[in-house]
Amino acid sequence: MGLIYTLRVLIKSFLVVLLWPKCEGRESEFNYVTCGSLVKLLNTRHNVRLHSHDVKYGSGSGQQSVTGVESADDANSYWRIRGKPNGTCQRGVPIQCDQAIRITHMTTGRNLHTHHFSSPLSNNQEVSAFGENGEGDDLDVWRVQCDGSIWERDEAVRFKHVGTDAFLSVTGEQYGNPIRGQREVHAMGTANQNNYWKAMEGVFILPSQEPLRHNHEEL
């Protein structure tokens, strides 16, 4: 099911895509994170990328776990930026600061999610991946908090959960087996240095009407 969802996402990306930072040409137009893009998100305090995999929590909700990994090369760290349910998020349009979005795991098609279960290591708020084929519930919605009017790709931003007002965070706790060395990702009510994230590697949907191809590796 996850593979089918991934293929469908890529096929639907009929607009030209760009792998950043190896871009050429009209680079000034591509300084923003856009709707429909696939990105890896780096926690700037702990230098780990937001990650998920088909491994369930052994406690709490029992839903698919979300962690942080140091590797920059893991394909399970790609997330698709989407609009909120029944909202407007036109492909290729830059994401506005304070816009409500969903962040969908590319490989499994589940949405970044939080709720009032306790996280297994720090006892903060558990963060999971939830839903099927990109559809979950109203606890999948996050607001992008940034300084200007648009989410810039070189800017560190926060993600504030709409349903619980908690921030997506990492504070450094590490798991043992079967995901040894991966960091706990959780949500916490305090805005601090642990909840800054930056868009890193990715495939960005271009807001361009004319074909513009760039060399990139296939996901």
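Cβ coordinates are placed from backbone N, Cα and C, and glycine is handled just like the others.
The signal peptide annotation in TrEMBL covers 1-25. The domain 'MIR' feature in TrEMBL is assigned to 30-84, 92-147, 148-202.
Averaged across the domain 'MIR' (30-84), pLDDT for the predicted model comes to 95.
Helix, strand and coil residue tallies for the domain 'MIR' (92-147), in that order: 3 helix, 28 strand, 25 coil [DSSP].
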